[in-house]
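A short write-up of the structure that comes next.
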There are 2 protein chains.
Amino acid sequence: MSKAYEEFKTYLDRAMALKTAMTLFEWDNETLAPKEAGELTSNVIGTLSGEYFQAITNDRMKALVKELQAEQGLDEVQAANVREVADELEQLDCIPRNEYEDNARLVAKSTAVWSKAKKDNDFDSFAPTLKKVIEYQKKFAGYRAKDGQKLYDVMLDTYEKGFNMENLDRFFGILKEELVPFLKQVTESKKKIDDGFLTGDYPEEKQEKLGRFLAGYVGFDFDKGVMAVSAHPFTTNLHNKDVRITTHYTDRVDSSLFSVIHEAGHGIYELGIRDDLTLTPVGQGASMGMHESQSRFFENIIGRSPAFWAPIYGKVQEMFPDQMGNVDLDQFVEAVNKVEPGLIRTEADELTYSLHVLIRYEIEKQLIEEDLDVEKLPQLWADKYEEYLGVRPENPAQGVLQDIHWSQGSFGYFPSYALGSAFGAQLYYHMKQEMDFEGLLEQGKVDVIREYLRENIHQYGKLKDSRTILKDVTGEDFDPKYYVRYLKEKYGKLYEVEA
Amino acid sequence: MSKAYEEFKTYLDRAMALKTAMTLFEWDNETLAPKEAGELTSNVIGTLSGEYFQAITNDRMKALVKELQAEQGLDEVQAANVREVADELEQLDCIPRNEYEDNARLVAKSTAVWSKAKKDNDFDSFAPTLKKVIEYQKKFAGYRAKDGQKLYDVMLDTYEKGFNMENLDRFFGILKEELVPFLKQVTESKKKIDDGFLTGDYPEEKQEKLGRFLAGYVGFDFDKGVMAVSAHPFTTNLHNKDVRITTHYTDRVDSSLFSVIHEAGHGIYELGIRDDLTLTPVGQGASMGMHESQSRFFENIIGRSPAFWAPIYGKVQEMFPDQMGNVDLDQFVEAVNKVEPGLIRTEADELTYSLHVLIRYEIEKQLIEEDLDVEKLPQLWADKYEEYLGVRPENPAQGVLQDIHWSQGSFGYFPSYALGSAFGAQLYYHMKQEMDFEGLLEQGKVDVIREYLRENIHQYGKLKDSRTILKDVTGEDFDPKYYVRYLKEKYGKLYEVEA
């Protein structure tokens, strides 16, 4: 290791330790911390975040990065870490430290404000905080914008390199054009699916037990992972030997089960990252979209297929004899794929899901690019749901308050959810050529599929970006046609409609 | 605020944020973290601990402390913070940073090694790690020793200012002289107490529910606190709005119940610390002994008294009708005060407890001052138990492996447990003169007693040391006679023996 890289690594280790600590605080806030802890703890997080800022942006680090960017002898991992830090330096260095710390404190508080507002069904109590969060996000994007780059494009690029309003307008345009009329066909189909048995008296302990079984079955390793409860399910990780997922329990058993498989998919990605990358900036998923492609791959492409349930459905019936004893495998699989336009994104079926994302994309564009008044959000939100999905929220908790993301300052993040589904479909059609996909699932060999994903995607962390990964695996650039094809084939067959 | 203090406060906030992060990692390691996380996480903790070291010991901080020690205009809290940092600087500055970080990593790992060794009942797998931990502790004490100060005296002073082998030899001498023969009288008494009903089928969920009730009843505020499960019950806190206790469940219901009241006592201390002190070095309990005085005050002096249970025992009977329906209040209170020399300190009754501590004190002295071979620990431990308590552990899990402390490098800590009991007894006899102690408990007014303790002890944090607090509250210096008197009065009466 060169002297310069060695010194660089010291600063990097410091930064990663601080980041890991902040991750643990976040996890703790969402899963365990007592109600009144928020304010003081957010001061602590603000200070740590300032220290992180300092570890990356100090003058010595800047000089080292410049020196290392010119150095020839770096190996692939070293070069990637220098590149990631240089990127981050560029992003952070334009933000005054006091604003950076203020924002970190604000965000730590605002998730608590959001959480309470959602509980109280009171958008007005969240609006002033949300306004401040947006102001900071726009300010920061303004600092980072290059050559007249638009603010929302800056934000989009943060989560998905190479994507901006131009190509996302196109992507969402195709989805809108293809899926809105197709959804109409589906909802008007004579085929009716009964999913009544999925709602009922499903005790939490049993849901948890089944959730843990399913997470383990798809490959989430509980010796390196933890599962807990939070308001909004999420995955986080300290490193590749400590990956954490959450879920929540309702009276709909499929809600927790598929959220567990979804988060386990995220978790498996992080568990699969190479040992030499973990606890470095390269040691995380390639992008938000690629991450979401994996979680949704496990949740939907694997998890909602008849082949997946074939070897294990008997176990589910045994656990819930009263509710599922008389429901056969086909009925069960149809029920968990029932299409029903609804209000809540995280509860959406696979077909309507991307329309939920479309709505958020359009609203974010207005918030960031057209200075949409925050007060108008509940109304606009409701109008768009009515227009695209034919349902209208009766209150903000079912509408604009449902997602945590904006309270965290994550604007430009939502599109990755739809991109992820599209990445997954493209991977799926390729994998079907490489292996007997459904046959493997029927034999309970999820591990072969998981290993393929680990080998071709997970292990690399951020050594490759999402577009490169897609090209390397499938031989093609990203193409949304596979996603449309997948949805039309699957739901055309299920609802007996001509796609 | 003076310019110098303002700058000092910036470094201090940084140090406290890092310390708070390390506290959260510790909590997480003991309660939740997955099995394989230890090694990587301990690297992270090592780095954070190095940053903490740097925040306190950097040259600018040293200069500021020197300047502020000479400054006249500081208020009481500022002066106390400068004093605490100066103390810590003196302690840390003599330790080379690499050794300090190595030790932090070692300790993070060694608790996991201990935990596994205890589970596997295998002292040999822990011995090499323990040796290293001791080596570091001795090395560090050596760096800190002044004017030929003995190593174990350095360690003792860390936990309890003003206590050393000279006065602790005297203290433990009195206990040994008074309590060993008294214990013999008690165990030979004709009075037999039946506590069989305390063992049995007590479901964890119900124990937890009752534990939460009791913690709340004595004043642990769950809006500012959390209760979880760990191998060895403990209390920790991020600040005075986030205080955390743990317990564990066995088939002995009193084991978890009194451990909850004990930890709630620690927690109430931390919750009572003034807002202007929290998240500063002064914002924690005065000393280990004073802390233990409060936990044991709640557990024993309050929690094992008939007056405490009078208003709530009916509730306990309702929860466990099969086990306690036919046990009246007097029988219950006698049972939870039954004296029975045993192997496990944390399960010890109030009378034999200090003899468990005596054994650890004598062994620590040998480990630190006489280079006792670690390999000989299991044997020596067993011999001493046989000598003082008349019982002999059959395996290391019931013997030398039972406590976490040594794996954490905490040598000199144990004596504070006995001192705490003695502090508590002295406070008790004074409070009986100030208020109708038993009458208040009988009326369910634990809050009056708790407020007295908050007002006179908790709020001050480390503004006063334990000896000063005792003097200010009781008008007397520390005197072990109250402890001996308390035990002889209480157990003389219970066992109908002449004290």
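The chain as shown is numbered from 1 upward.
Each Cβ is built from the backbone N, Cα and C atoms, and glycine gets one as well.
Taken from TrEMBL, the feature Zn(2+) binding site applies to B:His262, B:His266, B:Glu292. All protein chains shown were included, and the count of other CB atoms within 10 Å of the CB of B:His266 (Zn(2+) binding site) stands at 25.
Secondary structure at B:Glu263 (active site, proton donor/acceptor), as computed by DSSP, is helix. With a cut-off of 8 Å between CB atoms and residues at least 6 apart in sequence, the same chain places B:Ala215, B:Pro233, B:Phe234, B:Thr235, B:Ile245, B:Thr246, B:Thr247, B:Ser295 near B:Glu263 (active site, proton donor/acceptor), listed in sequence order. What TrEMBL lists as active site, proton donor/acceptor is B:Glu263.
Within 10 Å of the C-beta atom of B:His262 (Zn(2+) binding site) sit 24 other C-beta atoms, taking all shown protein chains into account. The Cβ of B:Glu292 (Zn(2+) binding site) lies under 8 Å from the Cβ of B:Ser416, B:Tyr417, B:Leu419, B:Gly420, B:Ser421, B:Phe423, each of these being in the same chain and 6 or more residues away along the sequence.
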